[in-house]
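Annotation comment: TrEMBL describes Asp191 as active site. Look at TrEMBL and you will find 16-30 tagged as compositional bias 'Basic and acidic residues'. For 149-298, the entry in TrEMBL reads domain 'Pseudouridine synthase RsuA/RluA-like'. The region 'Disordered' annotation in TrEMBL covers 1-32, 313-357.
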Amino acid sequence: MASEERQAPTKKPTGKRNDPSNKRPQDKNRFLHPAETSCWQNEVKEWTFHYTERFRVVPPYRFEFGTSIKARWVGRLLLEVFSQEFPYFEDSLQYYTEAMELGRLRVNDEKASKDYRCRDGDVITHHVHRHEPPVTSEKIVIISDSDGILAVNKPSSIPIHPGGRYRRNSLLAILAKEHNMFDLHTVHRLDRLTSGLLLFGRSKAVAEMFRREFEDGNVQKQYLARVLGHVPPGTTLVDQPLACKNHREAIHEISSDGKPSQTRVTLLATGVGELEGQSLVLCEPLTGRTHQIRLHLQWLGCPIANDPLYGPAGVGSTSTAEQSADPPGEHEATCSVGEADSQDAVGKRDLDTALPRTNKKRRTELGIISEESARHDESLNLDANGWMDADCIHCRACRAEGCKGYYVPLKKKHDDSNAMLIWLHALTNKGATWSFRTPFPSWAEEFEEASQLLSKIDKLEQAK
């Protein structure tokens, strides 16, 4: 018998209209163009990963961020701009002052004084000793690779695109290194902490065809979530509009000023014993808003049990949310000169048109980002062990903490040690003529065996 679908009671949203001053300006360079990954075919041969029982670790390496001056920066002190727009460090002003003195923060490939004011047409480069956060050591499983479409099972903690604090520890980079896969075109997105099914086109044409199905709402999507609380039996439709509360911190909320958003939530299993007080639910988003499932479950009173942003620790607490969010949006681009987390999304812009007007070689260096560059090697002060740079703020932190690894978060909000995953998994995507499904995650099988869960989901499909 088909379960009864209930309309969740409507509450008056308390969210206020977004403050325009709170919005992050859109930047042309925000996304890595898929064709850009073809340049990795030579790079990846030199990449190394270290593996522990839990983590994939990238040894530090030299790297150059680059970007052109934004209109809103013109006339402002460069140090002021970077300290305010890229506040990645506890004392950002001191860090960027030192970077300029060392010749690591440069204007038009030259050292600049600390009283330099930005001018239209300037190109800013930031040469760093790059330390990437660790990600899970869980393998990326190929679900299918045929007919021009690649389906993978993305583990939690891995961002899709290079950007912000992540490059070699991004999904695209790992696929290039470990599976020899290049020129992949993103079809849709998943948050960094969300695991599950992700599709890539092997060509731009195939990716665009699948992307159009997603954008037109013609793809049935199923997610699994492990939540706190006892969810009513049957299916509940949550119909609550969503809006971005803080663009810089990537925090969203239910708001009457938001975009229409709907999610069907169906109880699959109720926890007993050690799982008492938790439930396993099937979530079917009918729209595709950022953090939609996480917010709708929170609104329903059953947040994802380990969600650091919208879960029990963050419910109703802006300060907690701001500390737990995938950190800020100052990643003006893949070629950002600061550091921050990437917001996973589909990018369509041709990087060549987004970069400053300059010669092709220089565009390549800035857009693809010059790695292992020898031009400013004199600014690096590596010790005998080959990886620690005495002038690197990350290396200093590692030494001060007695860190045996390569990464110490420089801000509390960037401490990912307790937020490597959330219990949200993209299980199934189904279009008009195609369908992909991943295996069930281990945390879901703690409730029931996969075969039992699959049987319940299939019965729900048959009853529609």
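Cβ atoms here come from the backbone N, Cα and C positions, even for glycine.
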Using DSSP with the three-state reduction, classify Asp191 (active site) as helix, strand or coil. coil
Average the pLDDT scores across the domain 'Pseudouridine synthase RsuA/RluA-like' (149-298) and report the rounded value. 95
Near Asp191 (active site), how many other Cβ atoms are within 10 Å of its Cβ? 21
